[in-house]
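Scroll down for the structure; my scribbles are underneath it.
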Amino acid sequence: MLTGEEVEDVALPVVLEKLNFSFSVEGLFLEILERRETLLSQIKEIRRTRALHRASRKRHGQLDDQRLATVAVVGYTNAGKSTLVSALSGADLYSDSRLFATLDTRLKSVVLPSGRKVLLGDTVGFISDLPVQLVKAFHATLEEAVEADLLVHLIDSTAPNIEEHRATVLQVLQQIGVSEEKLQNMIEVWNKIDYEEEMSADGEASSLWGDEGGGIASELSTGAEDVEINGFSGGSEGDFEETIDSEQDDYSDGWLLSGDDQEMVGDHWLKTLDERQGEASDDLGMEKDVQWQAQHGPHVKISATTGVGLQELLELIDERLKTQDEKLRKQNVVGRSFLIENGDPHVRRRLA
Ligand SMILES: Nc1nc2c(ncn2[C@@H]2O[C@H](COP(=O)(O)OP(=O)(O)OP(=O)(O)O)[C@@H](O)[C@H]2O)c(=O)[nH]1
Ligand SMILES: [Mg+2]
């Protein structure tokens, strides 16, 4: 009499043969290595292109004496970043409720209420307990966030563990080298308030937000358009549309690690996902979040899908950039007078 395992040993090859199924571990491994190499070289190319674009934008700004500021939308995965950038720019970016829907980042041109034109960038979503190896991979896609003049931190207000998401995002931003000053200046936005409003309308839990909110998306005067700077066109084929992997469905491939790396992070990664699911259904956690919400209000509450609060957000971006410009101008004046008083005589003569 055969044991269960012995039956499997004997039966499996027969079944596979009948199904005409062939499986080669070596083949799969080679395919994975090849895919990894391709992605790494794509990331390298993207970084190079981005550096050129940034230099170009700076040169352009200096020549015109009118800097084209960049605003990066950052946030936990699934917060609604792509939906928001699409709503503000009139572009149609890929959004999905799966994790890491966005692996590519794009810059879209948006006109603020004051008439000022800025570049708005979508970014890849963050996630808690990100293994170090993945943080490295994120660096390439997040350089735009480090370089941005202003950050908009989008938070999914319906998530059961907002505080954890918020802390994770701040931690990752610090890890990738975003300055303390930029973090202080970051605009914090709660998204998906329509969800709460829907619940209130149904007579369920009362809304956390009151009844404030801005206009609807169609009322926005964003004047969104594709970017064109120094000959670079931001249309769908343009260089500003920087894509890591155009096969969006293939999202998991971007995070393939080497065998050793996988061993190191695998257990931890799976464990934290499980833990997070546990936390999501934890009533105490919910209560903590509500307390946290009461203490740390956002700067703006919006719904990227209905457009509520978007006008208010644009006005805030406008205001922050203006304040930043004034601060920079003051610093430049101070620096200039310092050089005139103490600097090299040649420089002094030129500045005076
Ligand atoms: N109810 C509601 N759903 C929203 C809102 N904004 C986004 N969503 C939904 O939330 C899901 C995630 O949206 P995305 O824009 O892909 O989120 P993301 O932050 O770009 O996600 P990643 O790219 O994975 O980081 C999608 O199903 C959106 O339709 C909103 O204001 N209200
Ligand atoms: Mg996205």
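Glycine too: its Cβ is placed from the backbone N, Cα and C atoms.
Given the structure is predicted, the values throughout are model-derived calculations rather than measurements.
According to TrEMBL, the protein has these features:
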DOMAIN    69-325  domain 'Hflx-type G'
BINDING   75-82, 100-104, 122-125, 191-194, 303-305  GTP binding site
BINDING   Ser82, Thr102  Mg(2+) binding site
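Listed binding-site residues: Gly75, Lys81, Ser82. Those with a CB atom under 6 Å from ligand 2: Lys81, Ser82. The binding-site residues under consideration are Lys81, Lys192. Their Cβ neighbour counts within 10 Å are lowest for Lys192. A Cα-Cα distance of 9 Å separates Val124 (GTP binding site) from Ser82 (Mg(2+) binding site). Straight-line distance linking the Cα atoms of Ser82 (Mg(2+) binding site) and Lys192 (GTP binding site), rounded to a whole number, equals 13 Å. Counting every protein chain shown, the Cβ of Ser82 (Mg(2+) binding site) has 25 other Cβ atoms within 10 Å. On its own chain, Gly75 (GTP binding site) has Lys81, Thr123, Gly125, Phe126, His153, Leu154, Ile155, Asp156, His165, Val169 as residues at least 6 apart in sequence with a Cβ closer than 8 Å to its own Cβ. Predicted-model confidence for the domain 'Hflx-type G' (69-325) is 66, expressed as mean pLDDT. With the fewest other C-beta atoms within 10 Å around its C-beta, Asn78 stands out among the binding-site residues Asn78, Ser303.
In the three-state DSSP assignment, the secondary structure recorded for Gly75 (GTP binding site) is strand.
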